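Structure incoming, see below.
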Amino acid sequence: QLDPFYASIILFVGRAWDAVTDPMVGFFISKTSWTRFGRLMPWIIFSTPFAVISYFLIWFVPDISRGQVMWYLVFYCIFQTLVTCFHVPYSALTMFISREQSERDSATAYRMTVEVLGTVLGTAIQGQIVGKVVTPCIESPLFIGKTNSSVAMEELNMTHDTGSLTDTRNAYMIAAGVIGGLYILCAVILSVGVREKRESSELQSDEPVSFFRGLKLVMNHGAYIKLIAGFLFTSLAFMLLEGNFALFCTYTLGFRNEFQNILLAIMLSATLTIPLWQWFLTRFGKKTAVYVGISSAIPFLIMVAVLDSNLIVTYIVAVAAGISVAAAFLLPWSMLPDVIDDFKLQHPDSHGHEAIFFSFYVFFTKFTSGVSLGISTLSLDFAGYQTRGCSQPSEVNFTLKMLVSAVPVGLILLGLLLFKLYPIDEEKRRKNKKALQDLR
């Protein structure tokens with residue numbers, strides 16, 4: 001029941017907070033002493049229970065008349081910090097399990113397959129539990145534009161089914177509990193099943209550097225900046241598509257009861273095609289895979305906005321979008337270890353920056369999610385979106401078409417242009433691999 005403006009503020013402040021915590025956590029991890037569990041695993045183990053508690057409290061509605069905005073802002077920032085303490089070392093583990101590029105690529109493919117599968121599972125759990133609560137839509141009242149807005153909101157609240165709202169709150173709490181349980185289960189499997197190899201990331205030199213010098217070295221590495229720039233725009237494109245697809249299916253296409261299944265089609269398609277892209281990048285190279293995989297979504301995104309509402313066409317677009325989502329998930333993460341190897345060759349005396357590289361990558365993943373949510377919320381609010389409305393004004397339908405078609409297409413093209421500047425091709429990868437072996 002928060003105003004959309006305050007929801008946007010919470011999201012933006014949370015992402016700004018991430019801008020501080022992600023590199024800081026990456027630096028602290030790089031300075032963490034090795035233990036019998038490794039350097040990264042203690043961060044994962046100790047952050048998990050607190051992350052689950054804070055996640056649960058995000059979905060809890062406190063019985064207070066004032067201060068709800070501060071409640072959600074505080075627990076949202078706490079949760080983002082604790083997720084950083086999990087996700088940065090979890091992602092950086094790729095560099096600590098093998099020295100071989102091929103093995104790291106394989107590990108990344110397995111990791112991203114299961115991450116997308118986890119997204120499918122989370123989408124299904126949240127969608128099915130919350131979706132079982134039938135929340136009636138509200139017919140758009142004509143008097144909203146003619147009377148005082150507070151009076152209009154009071155009238156709307158009078159039509160709101162209190163019992164339905166209580167059931168919806170309970171459904172969100174149950175979903176949060178189930179997903180929190182999965183979080184703990186997966187953390188236990190990770191901590192028991194994975195072992196770090198200290199020698200996998202270390203060269204012969206071992207000279208510690210300060211946070212700011214390390215940050216400067218990392219952010220001045222050209223290949224890294226070009227990779228995260230391309231990653232930023234392509235990720236934002238797919239985040240906008242995924243974040244607005246439910247509303248687009250409900251209001252613009254008229255498939256109110258199908259959007260959960262359509263979203264599952266996207267994510268299942270992504271899960272099943274990650275192995276295909278892993279084979280493609282080993283056969284034709286990673287840069288070629290980026291161009292082919294991510295650009296393949298463009299004609300289908302244009303098709304869904306131009307053609308008339310058709311359920312079969314929508315499912316075809318969903319499957320095609322999933323294939324591109326798989327490439328967008330896998331390829332930037334697969335390319336990051338190559339950038340780190342390139343950095344090590346250029347700075348052989350600078351050691352232990354893997355976590356900082358991965359922390360900025362994690363930050364941009366969460367940053368694009370927040371930006372897409374903020375853009376969507378403010379755009380729809382400006383267009384006159386009616387919460388729980390049975391129908392929406394024509395301006396909202398136009399805005400939704402822009403958010404799932406025109407804007408993602410433009411962002412994909414911009415991202416691919418930036419990937420064009422990325423300097424590490426297959427020949428460069430082979431040279432770096434040989435040079436690293438000699439250096440070790």
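Note that Cβ sites are derived from N, Cα and C of the backbone, with glycine treated the same way.
Among the features that TrEMBL reports, transmembrane segment is placed at 40-62, 69-90, 171-194, 223-241, 261-281, 288-306, 312-334, 355-378, 398-422.
Walk me through where these features lie, including what they touch and how far apart they are.
Sequence-distant contacts of the transmembrane segment (312-334) (same chain, six or more residues past either end, CB-CB distance under 8 Å): 91, 94, 105, 108-109, 111-112, 115-116, 227, 230-231, 234-235, 237-238, 241-242, 249, 253, 255, 258, 262-263, 265-271, 273-274, 276-278, 281, 286, 289-290, 292-297, 300-301, 303-304, 361.
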Examine the transmembrane segment (69-90) against the transmembrane segment (355-378) and state whether at least 3 Cβ pairs sit under 8 A, considering only residue pairs 6 or more apart.
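Contact confirmed: at least 3 Cβ pairs fall under 8 Å.
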Using a Cβ cut-off of under 8 Å, list the residues of the same chain at least 6 residues beyond the transmembrane segment (398-422) that approach it.
223, 226-227, 229-234, 236-238, 240-241, 244-245, 247-248, 251-252, 287, 290-291, 294-295, 297-298, 301-302, 304-305, 335, 375-376, 379-380, 382-383
Which residues of the chain, 6 or more past the ends of the transmembrane segment (261-281), have a CB below 8 A from one of its CBs?
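Residues packing against the transmembrane segment (261-281) from afar: 105-106, 109, 112-113, 116-117, 119-120, 123-124, 127, 242, 245-246, 249, 255, 288-289, 292-293, 314-315, 318-323, 325-327, 329-331, 334.
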Restricting to the same chain and to residues at least six past its boundaries, which positions have a Cβ under 8 Å from a Cβ of the transmembrane segment (171-194)?
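Tertiary neighbours of the transmembrane segment (171-194) are 37, 41, 44-45, 48-49, 51-52, 55-56, 58-60, 86, 90, 93, 97, 118, 121-122, 125-126, 129-130, 132-133.
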